[in-house]
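**Q** As listed in TrEMBL for this protein:
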{"type": "DOMAIN", "residues": "10-183", "note": "domain 'Galactose-1-phosphate uridyl transferase N-terminal'"}
{"type": "REGION", "residues": "25-48", "note": "region 'Disordered'"}
{"type": "BINDING", "residues": "Cys50, Cys53, His120, His171", "note": "Zn(2+) binding site"}
{"type": "ACT_SITE", "residues": "His173", "note": "active site, tele-UMP-histidine intermediate"}
Amino acid sequence: MAEAETPNRSPEIRKDKIHNRWVLFSPARSRRPSDFKAKSNPQPNNQTECPFCAGHEHECAPEIFRVPADSTNDWKIRVIQNLYPAVSRELDFQNPVSLVGDVAVSGFGFHDVVIESPVHSVNLSDLSPAQVGEVLLACKKRIAQLRSCDSIKYVQVFKNHGASAGASMSHSHSQMIALPIVPPTVSARLDSMMEYYKQTGKCSLCDIQPNELLIAESAHFISLVPFAATFAFEIWIIPRDHSSHFHEIDSEKAVDLGGLLKLMFLKMSLQLNNPPFNLLIHTSPFQDEPSYAPSTHWFLQIAPHLSGVGGFEIATGCHINPVFPEDAAKILRDVRISNNNI
């Protein structure tokens, strides 16, 4: 495994210019960066079959579409409604904008699941770059469908891998929740990126110089550990071309992204012992102001779960990261993956 240490390094407080928040780096609170490992296999259980498996389709919530569209038992991807949704597509939409004080409106929205493979034991990292690309394009297709609902303002695509990262099913899947509001964290990100643009005339992500934070790159994307990473060994994958919305991705770029995403999963699994993680797509609202277009830039975030969140983080919103991003990037950069695995 790759080795990297930062001897006698003092704590630092770094500003995340994308989210306008601070992160405290305190290497004295940890072991060597290269010793970070997940404690155990993150899968919630040892099932061999579940409702997401081929042949169990009748046990799931209604299907929205499948890939290929004309497939029967030989489907590759299924997009279905969530059987236990956080929001309800059956409720009437209530606009919260005109309300003041303590506001409560109906929990209208859409909560869907993307089943990434018909086989229970297959993870996203086991798929080929083209197959990972198909999963990304299935997300794009569903987002396009949700855009037709005028009351939906934002869609969050996410993947929970491992029980401690929020996965209740071990069968590989992603989720998306479509909301009639723009979440405050999203608004804060967009405002922070706009402020950077006003001050510099540049997009904050286009302006990143990866240097020693770089992990790998492809024709259309770069992967790096962010300068003010919230989590140890956090990874961002950023499009080289300026683009505000994930759903603007085309087939060529989806396959390219699929290859880089697979590589990051393999490096992370090998170095960190298949850790629990969250995969998040940070994009822009559907009805964003045109003035935000030059400053907003979508990206993917992979957040491994290697340590817990304590009272300080909850109270301040300022996370403590025990691994400097430069160390994490070098370790991940130096992890060698066989071409047979990519």
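Glycine is no exception: its Cβ is also placed from the backbone N, Cα and C atoms.
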**Q** Find, for the listed recorded positions His120, His171, His173, the residue with the lowest Cβ contact count at a 10 Å cut-off, counting only other Cβ atoms.
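**A** Across His120, His171, His173, these recorded positions, the one with fewest Cβ atoms within 10 Å is His120.
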**Q** Measure the Cβ-based neighbour count of Cys50 (Zn(2+) binding site), defined as the other Cβ atoms within 10 Å of its Cβ.
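**A** Summing over all protein chains shown, Cys50 (Zn(2+) binding site) has 14 other Cβ atoms within 10 Å.
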**Q** What whole-number Å value do you get for the CA-CA distance of His120 (Zn(2+) binding site) and the residue listed as 'active site, tele-UMP-histidine intermediate'?
**A** 10
**Q** Other than its own, how many Cβ atoms are within 10 Å of the Cβ belonging to Cys53 (Zn(2+) binding site)?
**A** 19
**Q** How big is the Cα-to-Cα gap, in Å, between Cys53 (Zn(2+) binding site) and His173 (active site, tele-UMP-histidine intermediate)?
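**A** Their Cα atoms are separated by 11 Å.
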**Q** Mean pLDDT over the domain 'Galactose-1-phosphate uridyl transferase N-terminal' (10-183): what is the value?
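**A** Reported value for the domain 'Galactose-1-phosphate uridyl transferase N-terminal' (10-183) is a mean pLDDT of 89.
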**Q** If you measure His173 (active site, tele-UMP-histidine intermediate) to Cys50 (Zn(2+) binding site) at Cα, how many Å is it?
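**A** About 12 Å separates the two Cα atoms.
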